[in-house]
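Worksheet for the structure shown next.
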Amino acid sequence: MLKRIVLASGNAGKLREFSQLFNSWDIEVLPQSEFGVSDTEETGLSFIENALIKARHASRISGLPALADDSGLAVDVLGGAPGIYSARYSGEGATDARNNNKLLEALQGIEEVRRGASFHCALAFVRSFDDPVPLVCSAQWRGHILTEPAGEQGFGYDPLFFVDAEGMTSAQMPRELKNRISHRAQGVVAFETMWQETMLGTDLAG
Ligand SMILES: O=P(O)(O)OP(=O)(O)OP(=O)(O)OC[C@H]1O[C@@H](n2cnc3c(O)ncnc32)[C@H](O)[C@@H]1O
Ligand SMILES: [Mg+2]
């Protein structure tokens, strides 16, 4: 039996990263667009709640198990903003460029030591839309926000997110490096551990 799960995301940057993150997995992970799943309203108040909403929605429409990622950037001095609103920070018709500009404006005049921030990633997996025991995990990645963008890789806030341990922004990292250390990479490692502990021997995991 072919083991397939739906990846409940419409974000091209995330989908690209997941295709690399899951490429050694023996389960086929297919984007929700292949099943006609469109975005749903993210009405939760936490990354975890939104990840669950997206996973349940994709599973309901596709009839398959689904995995969702809800992620975002939390800036210390902004009280954790934009947080769960990262994708819509600059309002209606938000783009990565407008979100980044709004963030730079919000941090204008703030010195480097006070520009600490974390990327958060919550992953939620459901076997069916009404799964009462979803697999849920989350991870964080620490950095600080630059005063101007640097780097062309990645997506979203990557050009402003400077990782001190690497001496570069996540948009300056080769794809393979970001995919080894990012919030999403750490989340996937945690998820795979949970998967092995709970799913092995079930129909889905073989
Ligand atoms: O909900 P889906 O369909 O997955 O796509 P989305 O872009 O709306 O995704 P989120 O709701 O999880 O919002 C996450 C936002 O946080 C930012 N973000 C998350 N992970 C990031 C990363 O690895 N690098 C840069 N920005 C990231 C980026 O702006 C995303 O749009
Ligand atoms: Mg979203």
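Cβ from N, Cα, C; glycine included.
Together with S9, G10, N11, A12, G13, K14, F155, G156, Y157, D158, K178, H183, R184, TrEMBL lists one candidate of S71, S90 for binding substrate, that being S71. Residue with the densest Cβ environment among the binding-site residues G13, G156: G156, by other Cβ atoms within 10 Å. D158 (substrate binding site) sits 16 Å from D70 (active site, proton acceptor), counting Cα to Cα. G13 (substrate binding site) sits 13 Å from D70 (active site, proton acceptor), taking the Cα positions as reference.
D70 (active site, proton acceptor) and G156 (substrate binding site) have their C-alpha atoms 13 Å apart, to the nearest angstrom. There are 24 other Cβ atoms within 10 Å of the Cβ belonging to D158 (substrate binding site). H183 (substrate binding site) is surrounded by 25 other CB atoms, counting those within 10 A of its CB over all protein chains shown.
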